[in-house]
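According to Swiss-Prot, the protein carries these features:
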- Ser109: active site, nucleophile (ACT_SITE)
- Asn95: N-linked glycosylation site (CARBOHYD)
- 156-176: intramembrane segment (INTRAMEM)
- 107-111: motif 'GXSXG' (MOTIF)
Amino acid sequence: MTVKEYTKSKLPCSILNIKPTVTKSGEDAPLLVWIPGNPGLLYYYQEMLHHLHLKHPDWEILGISHAGMTLNAHSNTPIFSLQDQVDHQVEVINNFSCKNRKIIIMGHSVGAYIVQKVCLSNKLVGSVQKVGLVTPTVMDIHTSEMGIKMTAALRYIPPLAHVVSLFSYIFFYWILSEGFSRFIIDKFMGCGSTGYQAVLSTRIFLTHRQFVRQSLGLAAQEMEEITTNWEFQDRFINYCEENGISIWFLFSSNDHWVSGKTRSHLSDYYKDKVKQERLKIDVTDKIPHSFVVKHAEYAINAFF
């Protein structure tokens, strides 16, 4: 159950694939697809996906990194767009799916927006049964607390992705020792004893220039594309209604990337448009936006 390089896709990536330990003869296990949020590194989600497997041993679990977010990616790997990420996810999912195979697809943060796009792709193979949108940045990300700061930073420093990636590489790879960099990351993120994997994942992220460049490059596009777009939400809702797909939202009430206004508007809109039996909306103050840092086990046991 480790993150591995995946070589069967057009764009460089890694996957975490956990086979079911409880099976039914004569039928494929449901395929749970997990799409991470930005920066798209699967290392952050190893613990979470492990706990998800323990809770649902009859599922095959497939975590797919963002394109470019793998250790074997070349340092000159270009910044892949949101559409590149959508096409990439569809390609990898299709390599594990087949016609009529039951798919449960979930995404975290911008991964939730990618999930919506993936579902609407006419190239996706399989039968989507349920969609999970976890601390989702699917609309008006630029109006959130962190979105406002990110938009301002990009306005004043247009080449932000390239500047920060260079600084991060020099500082965390060349100047700081591994032990001291872990110490700084731990203190800055407040990981504590339960966030060791998050510290390791963040150090991997910060010491690979192409990861930081890809992450901030994608974030810049998120600020421009993920705005007010009820027409897109209508398309997604109609697709789910026509195909009998259940929709689940998990919101954090103290999310710095999703404003309270956006959360309320989305919740009210979906309640008006989606049949009650196919919609579940959870709002909690028990997890932050980046719940996988210290709250992975709790989130899985409480909500998934």
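Placed from the backbone N, Cα and C atoms, the Cβ positions cover glycine too.
When Cβ atoms from all protein chains are considered, those within 10 Å of Asn95 (N-linked glycosylation site) total 14, not counting its own. In sequence order, Pro36, Gly37, Asn38, Val134, Thr135, Pro136, Thr137, Trp257, His289 constitute the residues six or more apart from the residue listed as 'active site, nucleophile' in its chain with CB-CB distances below 8 Å. For the motif 'GXSXG' (107-111), the list of distant contacts is 34-38, 40, 45, 82, 132-137, 141, 218, 222, 226, 257, 289, 292: same-chain residues at least six beyond its ends, Cβ to Cβ under 8 Å.
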